[in-house]
Protein chains: 2
Amino acid sequence: MSLRLTQPDENGGQPWQGLKPGQIYLQRRRRTMATLRGKLVVAQSGGPTAVFNSSACGVIQEALKHDDVFDGVYGASNGIMGVLHENMIDMRKESPESIEAMRRTPASTLGTCRRKLDKNDLERILDVCKAHDIRYFFYNGGNDSMDTANKVHKMAVDAGYEMRAFGIPKTIDNDLVETDHCPGFGSAARLMALATRDVGRDTESGALTTTPINIMEIMGRDAGWLTGATAIGRKDERDAPHLIYMPEVPLTIEKFLDDVKKVHDRLGFVIVALSEGVRDPEGNLLMKSSQLDAFGHTQLGGVGDFLAKTITDTLGIKSRTNIAGTIQRSLISMASPVDLEEAYQVGQMGIKYALEGKSGYMVSLVRESDDPYSCTTGLAPLDKVANLTKEVPREMINEAGNDVNETFLKYVTPLVGEIPPSYPRFKKHAIGQLLEAYQR
Amino acid sequence: MSLRLTQPDENGGQPWQGLKPGQIYLQRRRRTMATLRGKLVVAQSGGPTAVFNSSACGVIQEALKHDDVFDGVYGASNGIMGVLHENMIDMRKESPESIEAMRRTPASTLGTCRRKLDKNDLERILDVCKAHDIRYFFYNGGNDSMDTANKVHKMAVDAGYEMRAFGIPKTIDNDLVETDHCPGFGSAARLMALATRDVGRDTESGALTTTPINIMEIMGRDAGWLTGATAIGRKDERDAPHLIYMPEVPLTIEKFLDDVKKVHDRLGFVIVALSEGVRDPEGNLLMKSSQLDAFGHTQLGGVGDFLAKTITDTLGIKSRTNIAGTIQRSLISMASPVDLEEAYQVGQMGIKYALEGKSGYMVSLVRESDDPYSCTTGLAPLDKVANLTKEVPREMINEAGNDVNETFLKYVTPLVGEIPPSYPRFKKHAIGQLLEAYQR
């Protein structure tokens with residue numbers, strides 16, 4: 001699917017369309033003062049990111065400014081589990097300093113979970129919300145979490161229980177629909193782009209006598225945004241990565257080996273950026289679809305190790321794999337400043353939209369301009385977001401299916417913050433050779 | 001073995017003992033002006049580090065200041081291979097900007113290699129040095145590279161060819177003897193300490209419903225310095241890593257599982273910092289010594305994957321492994337400022353010592369004080385350095401052999417640069433529970 005930018009209430013032609021978030025807020029605030037009093041709960045769900053807490057902090061800090069509306073600001077421990085089990089903490093009793101520190105703390109300070117809600121769970125959630133007079137529900141997460149937020153929203157509507165439910169987006173995979181991009185993605189992209197560029201130099205340095213092929217196995221089982229983003233740091237054809245494989249484009253072992261060999265013949269070394277979810281033309285994970293017998297245990301080592309071994313066995317060239325794993329989503333020292341700030345804003349704006357009386361939306365990011373980059377927030381109906389995956393559109397991938405193109409780079413580049421310039425290479429003015437060639 | 005700090009000419013009682021590098025240089029320069037004119041070659045060898053080029057840059061920039069001595073400043077392409085094949089580049093013809101850029105470029109700008117010299121190689125090197133009037137030889141690398149530098153030094157002495165040969169230390173493994181520490185180590189330690197701390201928070205966040213055990217597989221086949229350094233960022237017992245295993249202390253699968261279970265029982269999640277070279281009591285690599293049959297191909301996945309699978313199979317707790325691989329030694333965005341500067345200094349001081357007439361030494365780092373940290377350079381005879389490995393002394397490891405102690409931390413902490421403070425945790429003032437416990 002193609003990228004679709006979301007405007008708040010795009011069908012309604014609301015008067016605040018085209019205004020900045022602050023303007024929207026002020027304008028609406030004048031028209032409809034929020035009157036629903038009650039407690040607010042915020043929860044985090046799914047795999048954390050480096051800026052996950054920045055979003056939760058945005059919700060909490062903004063909510064704490066409005067004690068005329070929020071009788072309590074609760075953080076649920078471990079996502080919806082905390083609501084189900086009434087394990088919630090009172091944010092008013094935490095120090096402002098430790099709440100502020102969330103903006104620079106990786107992972108999930110409240111704790112996260114993975115849980116698909118069933119009917120009993122929803123009844124319990126209603127009971128808990130009623131018992132505690134919870135009237136505002138903020139769920140911070142990815143595709144599955146938007147499903148949870150949506151179910152809670154609908155549960156309240158169906159029960160006639162007045163409550164405002166919001167999804168706050170998060171995922172390094174960047175695969176939520178109805179938003180230009182997702183908080184968490186820019187930071188992971190920054191880390192993996194710089195790591196890939198630097199690993200490229202490392203591999204190039206020693207290609208002559210050590211290991212000339214290095215595969216970066218990158219998170220994103222269904223969408224290749226993060227894998228593609230490793231291309232940001234390139235300046236010339238020697239800069240890594242040289243090949244990019246994403247789940248969106250089917251790949252065969254033969255095609256892969258052919259691509260690798262061509263780059264190796266040309267440059268003498270190869271860096272491959274490989275999505276862990278890369279698939280064959282039948283849609284099966286590449287590793288599973290090929291010689292499993294020769295491979296042994298699929299639990300041990302992913303597709304990167306499998307392909308590295310295939311290269312070594314078939315082409316006779318030493319290969320290795322780097323699997324940064326959960327470092328990709330947690331190393332806050334490498335966070336993108338843009339991402340940190342936007343993550344905070346989607347949380348903060350969630351409160352402002354809730355005070356306007358909205359419910360059943362995910363706060364989205366709406367790009368206004370690429371250069372200079374500018375982005376505002378919008379609202380996407382949870383119904384249109386839950387459980388859907390935004391893949392990289394085919395038109396952002398090169399024709400051969402082994403790299404991204406300029407359209408992709410234009411989209412991704414502003415999200416990662418300023419990237420230090422690539423490293424120069426020497427011109428290599430060779431000295432004259434005075435002796436016979438050495439034959440050993 | 002214990003740490004031994006090296007003083008220049010410690011047996012000779014030279015008058016410059018106790019002086020700062022600059023003072024040594026000035027004092028000696030007054031007494032013995034360098035008179036050996038000729039060309040200089042610098043080469044880089046072995047696995048790169050983030051600050052490898054900073055050292056080479058120190059040699060080159062300092063050498064370029066002395067054209068009264070150096071008739072040419074050459075960089076050998078791909079280490080000693082460049083000398084053997086006369087593939088050397090003229091550093092005077094490179095722009096000062098691209099030479100200066102080496103200070104912020106990861107890996108090896110000149111290219112590196114792994115090659116153990118034989119008799120024919122040494123004869124060829126002598127021929128090349130004579131043909132080009134190379135009188136200064138700088139070799140930047142680790143244990144094997146110091147052997148190369150030493151052999152070249154002895155070759156020249158034996159042949160009566162006047163030449164000054166130096167080793168410039170480098171290794172993220174920090175396993176060179178006769179130096180307090182090695183350039184490259186501090187930067188890798190900084191990255192892995194911060195990555196481990198952040199992965200700890202990530203794992204803690206989701207331990208309830210996802211993967212509560214995460215193994216960080218860390219470089220260092222023979223020495224555990226880098227693995228131990230992951231302990232730098234801890235503030236309390238929940239901060240990662242909770243267990244540290246290094247090659248210096250034998251480990252059995254039973255002991256490992258017992259340790260992991262105890263931490264899991266106590267905290268509910270576990271981060272293990274694991275050297276790739278961890279060994280059993282017979283001295284075999286842990287993975288090889290155990291059920292290879294149940295494991296299949298040893299080429300695929302290292303000891304981390306093997307132990308993660310063992311945990312899952314035996315304890316029934318989900319486990320995973322992060323293998324940062326060559327990212328550990330190349331991500332210059334995470335470099336330690338201390339390390340970057342010291343790497344430059346060992347290169348620069350090599351030139352100064354060479355101008356004094358020395359040969360056959362590695363430039364060492366000599367710690368003067370822990371707090372405030374201060375370090376100067378010294379000289380270690382290559383004969384005492386080549387091919388030796390400095391392991392972590394047993395007295396820097398805790399009694400149980402599964403963590404480092406305060407002595408280790410005191411040694412390592414100043415080398416990584418300032419580490420941002422650990423992240424606070426909420427006090428978690430629970431709200432009162434109003435309903436019956438939820439049973440699902």
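Yeah, the Cβs are placed from backbone N, Cα and C, and that goes for glycine too.
Predicted, not measured: the structure shown is a model, and the values here were computed from it.
Quick look at what TrEMBL lists:
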type     : residues                                                             : note
REGION   : B:1-20                                                               : region 'Disordered'
DOMAIN   : B:40-332                                                             : domain 'Phosphofructokinase'
BINDING  : B:GLY47                                                              : diphosphate binding site
SITE     : B:ASP144                                                             : site 'Important for catalytic activity and substrate specificity'
SITE     : B:LYS170                                                             : site 'Important for catalytic activity'
BINDING  : B:THR171, B:ILE172, B:ASP173, B:MET219, B:GLY220, B:ARG221, B:GLU276 : substrate binding site
ACT_SITE : B:ASP173                                                             : active site, proton acceptor
Binding-site residues clustered about B:LYS170 (site 'Important for catalytic activity') [Cα within 10 Å; pool: B:GLY47, B:MET219, B:GLY220, B:ARG221, B:GLU276]: B:GLY47
Among B:GLY47, B:ASP144, B:GLY220 (the recorded positions), residues with Cβ under 8 Å to chain A, listed in sequence order: B:GLY47
Per-residue pLDDT averaged over the domain 'Phosphofructokinase' (B:40-332), given as an integer: 94
Other residues, Cβ within 8 Å of B:THR171, B:ILE172, B:ASP173, B:MET219, B:GLY220, B:ARG221, B:GLU276 Cβ centroid (substrate site): B:ASP175, B:ILE218, B:ASP222, B:ALA223, B:TRP225, B:LEU226, B:SER275, B:GLY277
Site extent for substrate (largest Cα pair distance over B:THR171, B:ILE172, B:ASP173, B:MET219, B:GLY220, B:ARG221, B:GLU276, Å): 16
Spatial separation of B:ASP144 (site 'Important for catalytic activity and substrate specificity') from B:ARG221 (substrate binding site) - C-alpha basis, Å: 14
Nearest of the binding-site residues (B:GLY47, B:ASP173, B:MET219, B:GLY220, B:GLU276) to B:ASP144 (site 'Important for catalytic activity and substrate specificity') - Cα to Cα: B:GLY47
B:ASP144, B:ASP173, B:GLU276 as recorded positions, winner by CB count within 10 A: B:ASP173
The residue listed as 'diphosphate binding site' and B:MET219 (substrate binding site), Cα-Cα, nearest whole angstrom: 11
Those binding-site residues listed as B:ILE172, B:MET219, and which of them has the most Cβ atoms within 10 Å of its own Cβ: B:ILE172
Of B:LYS170, B:ARG221 (the recorded positions), the residue whose Cβ has the fewest other Cβ atoms within 10 Å: B:ARG221
Pairwise CA distance, B:GLY220 (substrate binding site) versus B:GLY47 (diphosphate binding site), rounded so that it is a whole Å: 12
Tertiary neighbours of the residue listed as 'diphosphate binding site' (same chain, Cβ under 8 Å, six or more apart): B:THR112, B:GLY142, B:THR171, B:ILE172, B:THR326, B:ARG329
Where B:THR171 (substrate binding site) falls in three-state DSSP terms: coil
